[in-house]
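Per TrEMBL, the features are as follows:
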ACT_SITE  65  active site, proton acceptor
ACT_SITE  98  active site, proton donor
BINDING   8, 9, 66, 67, 68, 69, 70, 99, 109, 133, 137  D-ribulose 5-phosphate binding site
Ligand code: RB5
């Protein structure tokens with residue numbers, strides 16, 4: 001899989017662990033930064049990752065900041081992005097199965113690298129169930145996106 005990844009200074013150290021982990025699983029990684037732990041703004045890294053995913057240039061995206069919250073808020077503003085903030089293994093599985101999420105957000109200040117790697121492994125391996133009720137709900141979410149852009 002081609003996976004885009006980005007982090008701010010609060011997620012930089014975890015990103016440096018996650019990139020080689022993804023490569024060890026055989027994935028192609030596009031790392032949009034940041035490049036060090038100097039203070040930066042998370043939307044500047046959320047957007048390029050989400051653009052790669054929304055345009056189909058990457059199949060999935062991973063975003064890391066201190067809490068994962070800022071990244072997930074920013075990501076879900078991008079048309080076509082379904083981003084889940086995940087810090088436990090159950091949610092990693094459920095958000096693929098039920099929500100077909102294409103971007104994963106995590107907080108380096110919330111979980112350690114071992115849990116983060118296991119979340120990523122499960123999130124990448126779990127398919128969308130394609131269950132009728134889940135597809136219907138996602139269509140309703142898409143409708144919100146479309147109605148909202150028609151309003152502005
Ligand atoms: C940076 O201090 C921190 O606010 C950021 O990494 C993130 O947690 C925002 O949601």
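Cβ atoms are placed via backbone N, Cα and C, with glycine included.
Sequence-distant contacts of the residue listed as 'active site, proton donor', defined by Cβ-Cβ distance under 8 angstroms and a gap of at least six in the same chain, are 129, 134.
The maximal spread of the D-ribulose 5-phosphate binding site, taken as the longest Cα to Cα distance among 8, 9, 66, 67, 68, 69, 70, 99, 109, 133, 137, is 39 Å. Annotated pair the residue listed as 'active site, proton acceptor' and residue 8 (D-ribulose 5-phosphate binding site), C-alpha to C-alpha distance, rounded: 5 Å. For ligand 1, the nearby recorded positions are 8, 65, 66, 70; that is, of 8, 65, 66, 70, 109, these have a C-beta under 6 Å from one of its atoms. Residue 65 (active site, proton acceptor) falls within a strand segment according to DSSP. Comparing the binding-site residues 66, 68 by how many other C-beta atoms lie within 10 angstroms of each C-beta, the top residue is 68.
Here residue 70 (D-ribulose 5-phosphate binding site) comes close to 8, 42, 43, 46: these same-chain residues lie at least six apart in sequence, with C-beta atoms under 8 angstroms from its C-beta. Every protein chain shown contributes to the tally, and the Cβ of residue 137 (D-ribulose 5-phosphate binding site) ends up with 13 other Cβ atoms within 10 Å. Around residue 65 (active site, proton acceptor), taking its Cβ as the centre, 29 other Cβ atoms fall within 10 Å, counting all chains.
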